[in-house]
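Heads up, the thing below is written out as structure tokens.
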């Protein structure tokens, strides 16, 4: 005789059970919503990081603003990656290959789609101007296939490699200061070597070996920052109490000021090429700038829709940096107004115009070309297109 649930004899008990289940589910959903709301400060921090990427590409050179931006804006991305890994809390317990496969799809797929679009753009642009530099195009193809990247998109494979190194090195040793110290020492020495070696004209083989070495080294630098973010996340969440809030805000202000002034003593750093100059100052400035940014958004402005929007769409902004010359378009628009600005005011205005136009790019890609970012099933694509 098949089993049947008899609720007729005890309807009150049955309804009470249903009521308890609904309460538990509601409490769980509310807990998850609060948890997600607490994480919005990470999106805000990422939004600031990508705005600083745009701002840093407007006026390239050795000036106080750029010295400050380059001292921490790329390390901030790596630290945020580590914090998100700690938030998910399963990366070190699940299989290495599972994590590698998942992140490879998430990062390398948009890397290659954006790289292909960039390549097409460069070819069309050269033909439009009546010349085609075959050597340059071949170089871009080699850079793309070797995962060195062209333009700001270099960050995606660097992040993937850094996450893989983190999972391999710190599996079972996630709090090992000794391992971190070894990585800092190795990357510092390698950075000093590459800073001298890369500008030299060498034979083709040596040049490419040094470039691969640079890719490896900058990913190891990223690994240090991922470890820091992974370790920082839990401590920051525990410290986020009412009693600690004023102290942490003051600490963040002190760290921000210290970062700005120390960055002027270590100018022209560039993680892309492993240029650290003074390695001690580089790591100190990177951590000061990163932590001060996180404290600011954790305790002062945890929610900001504009920054959250740019943070969640930072990959699109990064991917289109080399495709659509928004900076040049913004400069032309500002030039048409006939208005004059001081140097930094001019840079900020160009950045604001560029970010406004980036909104158009973001909406176009998210609404009509989602397959640039992720693999979209054909059925889903046709439904959305229709």
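Think of each number as a place in line: the chain as shown, counted from 1.
Glycine residues also receive a Cβ, built from the backbone N, Cα and C atoms like all the rest.
TrEMBL entries are annotated by machine, without manual review.
Lifted from TrEMBL, the feature list:
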- 40-58: transmembrane segment (TRANSMEM)
- 40-321: domain 'Acyltransferase 3' (DOMAIN)
- 70-87: transmembrane segment (TRANSMEM)
- 107-124: transmembrane segment (TRANSMEM)
- 152-170: transmembrane segment (TRANSMEM)
- 177-196: transmembrane segment (TRANSMEM)
- 216-236: transmembrane segment (TRANSMEM)
- 248-265: transmembrane segment (TRANSMEM)
- 280-297: transmembrane segment (TRANSMEM)
- 309-326: transmembrane segment (TRANSMEM)
- 346-365: transmembrane segment (TRANSMEM)
Stretch of maximal Cβ-Cβ contact with the transmembrane segment (40-58) [cut-off: under 8 Å; candidates 70-87, 248-265, 280-297, 346-365]: 70-87
Contact call for the transmembrane segment (248-265) against the transmembrane segment (152-170), three or more Cβ pairs under 8 Å: no
Long-range Cβ neighbours of the transmembrane segment (107-124) (under 8 Å; 6 or more residues past either end): 132, 136-137, 140-141, 144, 147, 149-151, 153, 156-157, 159-160, 315, 319-320, 322-323, 371-375
Cβ contacts under 8 Å made by the transmembrane segment (346-365) with residues that lie 6+ beyond its boundaries: 51, 54-55, 58-59, 65, 309-310, 313, 316-317, 320, 324, 326-327, 329-331, 333-334, 372-373
Intrachain neighbours beyond the transmembrane segment (70-87), with Cβ under 8 angstroms and 6 or more residues off its ends: 39, 42, 45-46, 48-49, 52-53, 56, 155, 159, 162-163, 166, 221-223, 225-234, 259, 262-263, 266, 268-272, 282, 285-290, 293-294
Winner by Cβ pairs under 8 Å against the transmembrane segment (309-326), considering only 152-170, 216-236, 280-297: 152-170
